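Colleague: When I checked Swiss-Prot for this same protein, it listed these features:
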- G10, A11, G12, K13, G14, T15, R123, T132, Y133, Q200: ATP binding site (BINDING)
- T31, R36, G57, L58, V59, G85, F86, P87, R88, Q92, R156, R167: AMP binding site (BINDING)
- 30-59: region 'NMP' (REGION)
- 122-159: region 'LID' (REGION)
Amino acid sequence: MKALLLGAPGAGKGTQAQFITAAFGIPQISTGDMLRAAIKAGTPLGLEAKKIIDEGGLVRDDIIIGMVKERIAQDDCKNGFLFDGFPRTLAQAEAMVEAGVGLDAVVEIDVSDSVIVDRMSGRRVHLASGRTYHVTYNPPKTEGKDDVTGEDLIQRDDDKEETVKKRLAVYHEQTEVLVDFYSKLEGEHAPKYIKVDGTQAVEAVKAEVLGALGK
């Protein structure tokens, strides 16, 4: 199973990725992890990427795609892989097809912006322990205080409404063209396109995703 998981920040991709990788016995591949591993291993592509990152630049698509091809040739990918957060742009998706990297399925976890803003902006965290609450769905016993220690809860900068809205705008700008690209692909490179309502309960989303993937 060679699959790509799409979904806005806060759509619940991470949770579903764990279910998919466990069900098919495949690794989850993210470009961040891949870059770090290549840099640590000192591969030619890793060294080239490190130089660009050290200079504050963005790693070019040809380097990323070279790394992807190296990564998916490894033994743990013999049954497939799950791409998370890659390809991120139309240029990357087109380059992947040109490089002969095919996909069996593209899974989009679809959640409206208003629901994501509500989910993320309502999160509150106890920093010392990592305990997470939600003002609506999982509130602490005392407003603004951790249940165990009574210490203050904070809202992370990433979860502030304006930040969430900015991240969503970037996601839509970059990724909606991918949705369009994959849903229109034809021939041998055309993956099965699966769109799932991510506002359902986690187990319902899991059942729908795995069912559509043939598990």
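Along the chain as shown, the residues are counted starting at 1.
A Cβ is built for glycine as well, from the same backbone N, Cα and C atoms used for every other residue.
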Colleague: Which one is closest to F86 (AMP binding site) in space, judged by CA to CA distance, out of the binding-site residues G10, G12, G14, R123, Y133?
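Modeller: Of the binding-site residues G10, G12, G14, R123, Y133, G14 has its Cα closest to that of F86 (AMP binding site).
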Colleague: Which has the fewest other Cβ atoms within 10 Å: G10, G12, the binding-site residues listed?
Modeller: G12
Colleague: Around T31 (AMP binding site), how many other C-beta atoms are within 10 angstroms of its C-beta?
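Modeller: The Cβ of T31 (AMP binding site) has 19 Cβ neighbours within 10 Å.
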Colleague: Look at the binding-site residues R88, R123, R156 and tell me which residue has the greatest number of other C-beta atoms within 10 angstroms of its C-beta.
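Modeller: Its Cβ has the most other Cβ atoms within 10 Å: R123.
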Colleague: My understanding is the cutoff is Cβ-Cβ under 8 Å with a sequence separation of 6 or more in the same chain; which residues meet that for V59 (AMP binding site)?
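Modeller: For V59 (AMP binding site), the qualifying residues are L35, A49, I52, I53.
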Colleague: Around R123 (ATP binding site), which of the listed binding-site residues (T31, G57, R88) come within 10 Å, judging by Cα atoms?
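Modeller: Qualifying among T31, G57, R88: none.
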Colleague: Using DSSP and collapsing to three states, where does T31 (AMP binding site) fall: helix, strand or coil?
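Modeller: T31 (AMP binding site) sits in a helix per DSSP.
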Colleague: If H, G and I count as helix, E and B as strand, and all else as coil, what does DSSP give for Y133 (ATP binding site)?
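Modeller: Reduced to three states, the DSSP call for Y133 (ATP binding site) is strand.
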Colleague: May I ask you to report the DSSP-based helix, strand or coil state of G14 (ATP binding site)?
Modeller: helix
Colleague: Averaged over the region 'NMP' (30-59), what pLDDT does the predicted model reach?
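Modeller: Per the prediction, mean pLDDT sits at 89 for the region 'NMP' (30-59).
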Colleague: When DSSP states are grouped into helix, strand and coil, how many residues of the region 'LID' (122-159) land in each?
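Modeller: Per-class counts: 3 helix, 12 strand, 23 coil.
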